[in-house]
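J.: What Swiss-Prot records for 173 is active site, nucleophile, and it gives sequence analysis as the kind of evidence. The FMN binding site annotation in Swiss-Prot covers 61, 62, 63, 64, 65, 85, 139, 170, 211, 239, 263, 292, 313, 314. Summarising the annotation, Swiss-Prot assigns substrate binding site to 65, 110, 111, 112, 113, 114, 170, 175, 240, 241 and lists sequence analysis as the type of evidence.
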């Protein structure tokens with residue numbers, strides 16, 4: 001029913017500032033009765049991290065920062081949901097306004113600054129869903145004023161790993177000063193070693209993933225993928241939002257706002273980086289493709305570039321939750337048209353071409 005209501009609600013939501021509209025959406029989802037997700041085409045199933053994903057279409061971090069509506073989101077048909085980002089201590093993030101729509105570009109700019117209710121609140125909610133169906137992961141970061149950011153990631157891992165299927169180490173948000181410095185090889189090596197050790201000490205089997213910035217140079221990507229392989233990282237999420245502003249943006253006045261750009265204009269940049277990442281790691285580290293997915297064609301391109309799973313968020317602002325089913329149906333049709341019974345043969349098959357042309 002929520003799919004059918006979105007076209008009616010969209011003008012009302014878009015008449016509000018973007019953050020208020022989002023807060024109302026979260027509130028509305030929290031009021032929905034429990035709903036089993038629709039059955040998925042068996043050809044869309046993906047085995048990854050020791051988990052059976054019913055379909056490859058996930059919700060990216062940032063939508064449900066407080067882990068308040070993960071089950072409602074799974075009920076909309078997502079194959080998995082990533083909650084967060086979460087930091088140890090509650091923090092308000094940057095001053096409002098801090099999120100901006102670019103409707104003609106089908107894009108969003110945000111500078112939230114990892115606003116978070118903190119580790120205790122999110123851990124309690126994730127613990128409370130123990131035994132429920134559905135794959136939920138969590139994105140973790142560091143407090144803006146932290147004296148020891150590495151310790152922040154360790155604290156989040158130790159507390160949250162027992163309650164999730166995967167933990168995504170976020171060192172690529174552009175909205176926390178100095179956070180991307182942790183992508184440097186020496187810092188990253190130490191960080192990942194500590195996070196993996198904290199996961200192991202917790203007794204959890206949660207996979208540890210690393211989220212990459214789209215603005216990284218290829219030399220930096222070489223170092224980052226080598227570090228991820230060395231430290232046994234089980235997945236790479238490609239990519240976060242970009243600080244770049246493509247010349248093609250129509251909403252030029254809004255484009256001047258600082259923050260990370262997501263949505264359709266990020267598609268080419270993030271898909272090229274995804275393909276470049278696949279060319280470096282192949283099947284040794286599974287990839288999750290994120291950035292500009294707003295159709296089955298875009299999701300298919302991410303898979304051809306090397307993604308086993310995909311995530312979206314910004315497109316929901318414009319297309320609503322019905323987009324999830326539209327993408328899944330489109331992927332199923334593609335597989336049937338090619339006579340395939342799974343997505344596995346498609347993963348990375350065009351990575352070399354897409355690294356050049358996306």
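Glycine too: its Cβ is placed from the backbone N, Cα and C atoms.
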J.: Tell me the Cβ contacts of residue 111 (substrate binding site) under 8 Å, same chain only and six or more apart in sequence, or just say none.
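T.: The answer is 94, 98, 99, 175, 257, 258, 259, 260.
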J.: Between residue 240 (substrate binding site) and residue 313 (FMN binding site), find the distance joining the two CA atoms and give it rounded to the nearest Å.
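T.: Here the two Cα atoms are 11 Å apart.
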J.: Compared by Cα position, which of the binding-site residues 61, 63, 65, 263, 313 is the closest one to the residue listed as 'active site, nucleophile'?
T.: 61
J.: Pop the Cα-Cα gap between residue 170 (substrate binding site) and residue 313 (FMN binding site) into the table, whole Å please.
T.: 16
J.: Count the Cβ atoms, other than its own, that fall within 10 Å of the Cβ of residue 61 (FMN binding site), considering every protein chain shown.
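T.: Taking all protein chains shown, residue 61 (FMN binding site) has 27 Cβ neighbours within 10 Å.
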J.: Could you tell me which of these binding-site residues, 65, 211, has the greatest number of Cβ atoms within 10 Å of its own Cβ?
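T.: Of the binding-site residues 65, 211, the highest Cβ count within 10 Å belongs to 211.
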J.: Rank the binding-site residues 63, 313 by the number of other Cβ atoms within 10 Å of each Cβ, and give the residue at the low end.
T.: 313
J.: Can you give me the same-chain residues 6 or more apart in sequence from residue 139 (FMN binding site) with a CB-CB distance under 8 Å?
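T.: 61, 62, 82, 83, 84, 85, 86, 167, 168, 170, 211 - these are the non-local Cβ neighbours of residue 139 (FMN binding site), listed in sequence order.
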J.: Would you list, in sequence order, the residues of this chain other than 65, 110, 111, 112, 113, 114, 170, 175, 240, 241 that have their CB within 8 A of the centroid of the site's CB atoms, where the site is the one recorded for substrate?
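T.: Same chain, not in 65, 110, 111, 112, 113, 114, 170, 175, 240, 241, Cβ within 8 Å: 62, 85, 93, 173, 174, 176, 259, 260.
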J.: Please determine which of the binding-site residues listed here (113, 263) has the lowest count of neighbouring CB atoms within 10 Å.
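T.: Counting other Cβ atoms within 10 Å of each of the binding-site residues 113, 263 gives the minimum at 113.
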